[in-house]
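Worksheet: one structure, shown below.
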Amino acid sequence: MSQAGWQVDPESGWLVENQTIGFEIRWRLQRLLHHERSAYQDIVVAELERFGRALFLDRILQVAELDEFIYHEMLVHVPLAALPAARRVLIIGGGDGGTLREVTRWRDVEEVHLVELDEAVVRVCRQWLPQLGAGAWDDPRLTIHYADGFAFLEAAPAGHYDAILVDCSDPGTPADTLYSEAFYRTAHRALAEGGCLVQQALSPFIHRDVLTTILQRLAAVFPQRGVYFCPSISYLIGLQAFVWGAKGTNPAAGPARTAPDGTRWYTPESHRAAFLMPPALAIFRASAG
Ligand code: SAM
């Protein structure tokens with residue numbers, strides 16, 4: 001049987017993910033909420049046992065209700081708390097709204113630009129995962145641009161953004177160019193003095209080779225760069241890596257200011273702990289910041 005074009009076991013109703021990294025992920029489907037094929041990708045929102053509502057793009061899980069706050073808080077508050085101030089913030093990708101929600105909690109942010117390739121992701125997530133973006137979609141500081149993140153950044157004024165947060169899909173998807181050295185060069189140009197770029201960068205164990213390559217490309221552009229980690233439950237990769245590159249700010253030194261109230265994972269302690277490099281991660285130490 002096939003449900004929404006997915007491979008589903010007829011007896012049990014397990015959804016099979018489209019992973020190609022040496023193991024198979026099967027999700028117990030409670031309810032298929034939405035399925036469509038946009039101009040860019042296959043989009044599914046489903047209710048999963050234990051993990052809650054989840055968004056899949058091209059059959060790869062992007063966010064799940066159970067733990068999305070860990071990823072989004074650590075992607076946003078680590079760089080924003082390390083900066084003395086953040087007036088202009090650019091989000092590339094992030095069409096589910098979780099990163100946007102966390103950015104808009106900072107009152108000193110004056111402008112947020114969200115550059116999402118696929119209008120359909122925003123529309124579907126606003127309808128089926130409304131708690132992800134919460135009220136942030138209606139924030140007057142927000143401008144949404146439906147465009148390719150790389151092309152958008154190439155046209156951006158130099159020295160413009162205090163923070164660039166790249167919340168994109170993995171390499172091998174429409175986000176592939178966002179992991180190139182040319183992209184990091186463009187981002188470096190668009191960052192203000194003292195600014196910081198952060199990007200999701202898969203896992204230090206399962207994708208060690210990919211993360212190493214990403215860090216090499218960053219190092220070719222940003223003298224100040226590194227990696228930090230947070231737990232990853234729904235991606236089933238143990239640790240989620242974030243790479244950063246900065247022009248004068250060092251997020252590895254810890255927070256420079258207090259993050260908004262109400263975070264569930266981010267604290268000054270979890271900020272500093274994210275930069276710990278135990279021996280098993282020693283190969284990333286040189287680029288730890
Ligand atoms: N947290 C997720 C993860 O770790 O996989 C990312 C989620 S977010 C939904 C990823 C978004 O990046 C998608 O909505 C996708 O359409 C968008 N995206 C992919 N390539 C892009 C590009 N080149 N420019 C802008 N957005 C892009």
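Every residue, even glycine, has its Cβ placed from backbone N, Cα and C.
Nobody curates TrEMBL annotations by hand; they come from automatic prediction.
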Further S-methyl-5'-thioadenosine ligand in TrEMBL, beside Gln41, Asp148, Gly149, Pro174, within candidate set Glu73, Glu111, Glu116, Glu119: Glu116
Same-site residue for spermidine (record: TrEMBL; known: Asp96, Asp167, Cys168, Ser169, Asp170; options: His34, His35, His72, His145): His72
Coarse DSSP state, helix versus strand versus coil, of Asp96 (spermidine binding site): coil
In sequence order, the binding-site residues (His72, Asp96, Asp167) whose C-alpha falls within 10 A of Pro174 (S-methyl-5'-thioadenosine binding site): none
